[in-house]
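K.L.:
Quick one: structure below, then a few questions.
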Amino acid sequence: MAAGTLLLFINSAMAAYNVVDFGAKPDGRTDSAKPFLAAWSKACGANKPATVVVPTGQFFVSQALFQGPCNNNNLRMFVQGTVLADSGYSSGVSQWITFKYVQGLSVYGGALDGRGNSLWACKAAGRSCPTGSTAVTISQSKNVLFSGVKILNSENFQMAILFSQGIKVEGATITAPGDSPNTDGIHLHRSTGVSITGSTIGTGDDCISFGDGVADAWIENINCGPGHGISIGSLGNSAGEAGVQNVTVTSVVFTGTQNGFRIKTWATPYVGFVRDIIFQHATMNNVQNPIVIDQEYCPGDSSCPNQGIVEPNMEEQPQRPVRLEMGQSSSGVHTAGTVSLDPE
């Protein structure tokens, strides 16, 4: 975001807090976590609309929790520079940049680099490695906008939206190498009213994944690839999971992905549902499995529930239009209502 554009967003009625004024160093080496949090504390505590400004430069932030509730519901964060994670990795750290208990926040521009290469190398070598951290987590928050943000190379998920309502992601660029493990682009869990639009996502796992308890989600104008496609699930691997409903995924271009649209559930007796799902207006370029509905999901194919059921072997049919692996009645998770696969 250009400096002139930035000034248009900040007016005299809005308090502005520049992280550099609180001691942040744009040298890519000095830990600026405390200055970032100090600027956030001022903005969050303001009784009028407030802005946190991250100017150009590279800012190393070891870990940051931007926590509310705040005194106003019109908070903005303008990022012109690049925020860097630690180039190493440590155990016990599951989230890098987190927004929690926040309402009415808008984040514009900038780049967040998770620098996950060292952890991926550890996993590739078969050593004992931590799971890794999610680059950006939005948790228990409401009415949050991420616009024009770049997220790259997170150790684990690039972005997670958890237990939240009214979250919007627009114009995002989210990337990680195609061979990076478990690097889902955006993961949704127990959240409602989420929209993801006009974004490019390419990772080593799902571009967008839906966990249990997701409802009223709108996904539109997405470029997906590399990665595993856009997936609902896996669901039904444990008791007490909520269903997934009223999800629309439209106008997606899949390029070089393992799958296009996918629904995956475990063949367990736990009760759940997937209903009122619309997948439509997709372009598939070099996609192995354009549409997958798998009711016997079991990665690794070891100690799988209901393993005695034999399904037709469809593995040698690349770029088949639809792959269905439908389980028996012992699977408690079922499709209900409408699941629409609309080619128009």
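Using N, Cα and C of the backbone, Cβ positions are placed for all residues, glycine too.
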K.L.:
TrEMBL tags one of 209-242, 311-344 as region 'Disordered' - which one?
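P.N.:
From TrEMBL, the annotated region 'Disordered' range turns out to be 311-344.
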K.L.:
Inside 10 Å of the Cβ of His228 (active site), count up the other Cβ atoms and send me the figure.
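P.N.:
I count 24 other Cβ atoms within 10 Å of it.
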